[in-house]
Amino acid sequence: MAETPRLLFVHAHPDDESLGTGATIAHYTAAGADVRVVTCTLGEEGEVIGERWAELAVDRADQLGGYRIGELTAALRELGVGEPCYLGGAGRWRDSGMPGTPKRRRQRFIDADEREAVGALVAVIREQRPHVVVGYDPAGGYGHPDHVHVHTVTTAAVAAAGAGDFPGEPWAVPKFYWSVFATRPFEAAVQALTPEDLRPDWSMPSAEQFTFGYADDHIDAVVAAGPHAWAAKRAALAAHATQVVVGPTGRACALSNNVALPILDEEHYVLVAGAAGARDERGWETDLLAGLEFGAAPRR
């Protein structure tokens with residue numbers, strides 16, 4: 001019997017898994033892979049959209065984190081993943097917020113004891129034994145402190161999982177990627193948006209708002225979603241209703257800033273560790289499992 005491919009995605013807050021890697025997750029779950037998502041906080045500091053859930057916000061009832069467990073559960077279901085997995089257990093570390101956010105009662109993720117956080121992720125890696133781990137780049141994508149710390153913790157955990165420290169049998173992760181945004185495809189997708197894709201109160205993103213993209217020659221892999229995975233990504237984004245609004249055509253979404261973001265059907269990656277598999281004419285892998293030997297993955 002062919003071995004089932006296993007992939008692990010590490011994210012900072014509920015909704016990050018859908019925004020940056022939703023199509024990839026749905027693509028591999030549909031192919032029968034064992035896909036798991038680790039979320040490092042409950043996203044308590046998120047900016048709530050609209051009045052319906054406004055009282056959940058941190059400066060009111062401070063109940064947003066618990067509510068977002070339900071949103072993440074629903075989003076993962078749309079992507080074909082099981083129950084949420086929170087690093088250290090649900091609520092162990094609090095969303096740190098953006099720079100300048102005051103400390104709260106519970107320990108923020110950026111203040112976590114690094115050995116404890118790394119050890120918690122090592123335990124997940126050694127239990128699942130993933131062939132691929134996906135995290136963030138050193139800037140954490142757009143620079144959120146929790147995203148930066150996810151990079152630190154994930155990088156250390158991938159290295160430690162294959163060594164002798166921490167309990168459990170070591171597992172050397174074959175391939176480790178960063179999830180990144182590719183500048184050219186993003187800009188092309190923005191240019192392709194039409195007024196019909198947007199809500200009346202949305203604006204188009206400016207070049208100054210998108211400074212963290214990667215040039216084509218710095219990209220190592222792309223996962224091009226089919227119609228099923230793209231639809232699953234849109235449904236997962238809609239499940240995060242306190243944080244994301246999906247536009248009328250399903251081709252764009254917006255966060256609380258009302259800046260339109262194209263819902264990409266391609267997601268891009270940088271290979272950090274491990275050997276690349278076959279590449280296309282752009283020099284990109286088109287499968288995160290490329291170069292790893294599997295028989296036909298079971299379908300479901």
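Heads up, the Cβ atoms here are built off N, Cα and C, so glycines get one too.
Features as listed in Swiss-Prot:
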BINDING   HIS13, ASP16, HIS147  Zn(2+) binding site
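Cβ neighbour density within 10 Å is lowest for HIS147 among the binding-site residues HIS13, HIS147. In the three-state DSSP scheme, HIS13 (Zn(2+) binding site) falls into the coil class. Shown in sequence order, THR39, HIS147 are the residues of the chain, 6+ apart in sequence, with a C-beta less than 8 angstroms from the C-beta of ASP16 (Zn(2+) binding site). Under DSSP, HIS147 (Zn(2+) binding site) is assigned to a helix (H, G or I) in the three-state scheme.
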